[in-house]
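Residues or ranges marked as transmembrane segment in TrEMBL: A:21-44, A:64-83, A:104-131, A:151-173, A:180-199, A:230-251.
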Amino acid sequence: MAAVGQVLRSEWTKIRSVRSTVWTLGIAVVVTVGLGMLICALAANDFRTMPARDRLTFDATNVSFAGMGLGQLAMIVFGVLVVSNEYSTGMIRSSLAAVPQRGTFLFCKLAVATALVFLVGLATSFVAFFAGQAMLGDHRAYLGDPGVLRAVFGGGLYMTMIALFSMAVATMLRSPMLSLGILMPFFFLVSNILGNVSATRKIGRYLPDQAGQRVMQVIPRAADVPYGPWGGFGIMAAWTAAALVCGYVLLKRRDA
Amino acid sequence: MIELDGLTKHYGDKVAVDHLTFTVRPGLVTGFLGPNGAGKSTTMRMMLDLDNPTAGSVRIDGEHYRRLTDPLRSVGALLDAKAVHGGRSAYHHLLCLAQSNGLPRRRVGEVLDTVGLTPVARKRSKGFSLGMGQRLGIAAALLGDPRVLLFDEPVNGLDPEGIHWIRNLMKNLAAQGRTVFVSSHLMSEMALTADHLVVIGRGRLLADTSMAEFIRGNSRSYVRLRSPEAERLRDVLHAERIAATEAADGTLEVDGVPSERLGELAARHGLVLHELSPQQASLEEAFMQLTAESVEYHAHDGEPVGGGPAEPVPPGVAAGPGGWGGDWRKKGS
């Protein structure tokens with residue numbers, strides 16, 4: 001049996017020795033923080049002219065995460081590339097010849113990538129929060145306010161989970177083009193449409209990203225959501241777990 | 001040692017590998033020969049547990065590949081030169097493989113030196129030539145100092161210097177008592193490197209024999225005689241109890257008699273000879289005969305069908321020393 005410690009070290013070498021890691025994670029940070037700041041600045045300007053109802057439900061914390069909708073796409077690219085690059089380059093044959101225990105191989109690869117995404121995601125979430133709040137001026141929220149610390153921490157968790165979900169999907173599909181071609185439009189368009197059209201809203205809110213985003217809201221966006229912040233995150237985690245099980249079973253059975 | 005026992009692989013209805021049973025022994029270079037599509041690569045992938053066999057098993061030094069502790073220490077493989085992430089440097093490619101098997105970091109430097117890639121170790125392998133990629137693959141195979149080495153078509157795309165280098169490398173590895181298993185679709189290449197031959201066609205085992213035996217069994221040496229006085233030549237040979245067969249173009253072919261004796265005989269009888277040439281059947285020809293039934297994709301040789309003055313080639317007889325496989329004799333002598 002290949003020792004887990006050895007394989008973890010090997011996967012860390014793999015991740016840090018390709019440029020796509022720095023590029024994708026760097027873009028995720030810059031877009032999330034930058035766009036968040038911009039939207040916070042606009043919101044601070046418009047606050048006066050907002051309808052009273054909107055002013056009452058104004059979620060200063062969540063507004064600073066407005067860049068995450070776009071930033072998560074870079075996280076998806078990172079997650080997809082970490083796994084599917086093995087297949088598109090043929091590296092998978094070298095990797096599995098070195099570590100024929102496929103469960104160990106997959107676990108170590110995903111563990112290292114997830115740990116890295118968690119650190120980057122958490123830092124991004126805190127920076128986006130503080131930078132965004134600085135833009136909001138008088139309307140800002142404080143870390144000590146009820147639910148705010150949970151939401152900021154949740155922002156990091158959300159980004160981690162979206163990347164892990166992408167890794168699981170890429171494990172199933174193997175091709176980077178196919179994986180990105182499904183995940184990007186899904187999270188950028190389909191999920192938003194399903195979540196905003198009244199006929200499909202009830203289904204849409206159980207999709208991984210819609211449910212998961214509840215954890216970074218201090219004030220729920222819709223009053224009738226049947227789950228709390230952690231319930232929503234749990235739904236997202238369940239989606240990810242299901243994708244991981246499928247990916248693992250396929251990897252185990254398939255010819256490399 | 002690699003032991004295959006009834007190894008079989010089906011892809012849907014197609015049988016890629018059909019009940020292969022043979023043993024690859026240590027201390028020898030074993031050539032694994034077959035036409036394109038014969039199932040060589042599939043077999044090698046199953047040896048490394050990359051593809052799951054439909055039936056049968058492979059054991060490496062008595063163990064299933066999946067049960068090996070740090071497999072790179074037992075088996076090194078060059079599967080194809082592209083099993084590398086092009087964005088990663090040669091150094092990091094080897095380092096991540098070494099780390100996964102708990103090999104010391106200095107091994108990376110050592111194998112880079114062995115294959116001569118040290119000057120480009122920090123360059124991304126995307127920019128490597130075919131030959132450099134092949135060398136990187138060989139460096140990865142040597143990383144764990146394994147007892148068993150598999151090379152899938154190692155000379156593909158290499159220049160003559162690179163081919164020479166790989167040949168010597170494989171021979172040295174075998175001389176150190178390691179098991180070396182090399183696939184190729186070129187008989188002439190195998191004749192120069194391999195000590196033992198395993199030939200497959202359409203996934204089935206066609207031959208499992210030593211190189212020397214294969215040469216003995218499949219190469220016919222004879223002397224070709226051409227004379228304007230063919231009738232008299234035949235009488236002289238007959239009188240000496242030398243059997244001669246007449247080829248289609250009127251030349252005589254004599255088996256098992258040295259050309260010196262035939263020349264002296266002709267001189268003694270005052271016979272004019274236009275040709276007296278020792279011939280050697282090529283191994284390539286013998287290989288093609290062996291696998292003719294099993295070639296996956298037949299190509300036509302471009303000659304008009306059923307016509308033309310083309311000379312029929314007798315079975316097992318080659319064009320001559322200049323033809324395919326003519327160079328194997330350098331080794332034999």
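Any Cβ shown, glycine's included, is placed from N, Cα and C.
Curation plays no part in TrEMBL annotations; they are all automatic predictions.
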Best-contacting stretch, by C-beta pairs under 8 Å, relative to the transmembrane segment (A:21-44) and drawn from A:64-83, A:151-173, A:180-199, A:230-251: A:64-83
Long-range Cβ neighbours of the transmembrane segment (A:180-199) (under 8 Å; 6 or more residues past either end): 69, 72-73, 76-77, 80, 162, 166, 169, 173, 205, 207, 209-210
Outside the transmembrane segment (A:64-83), six or more residues from its ends: residues with CB under 8 Å to it: 15, 20-21, 24-25, 27-29, 31-40, 109-110, 113, 117, 121, 124-125, 128-129, 131-133, 135-136, 151, 155, 158-159, 162-167, 169-171, 176, 179-180, 183-184, 187-188, 209, 216
Positions on the same chain near the transmembrane segment (A:151-173), where near means CB under 8 A and six or more residues out: 28, 32, 61-62, 65, 68, 71-72, 75-84, 106, 109-110, 113-114, 117-118, 120-126, 128-129, 143, 179, 182-183, 187, 208-209, 212-213, 215-218, 229, 233, 236-237, 239-240, 243-244, 246-248, 250-251
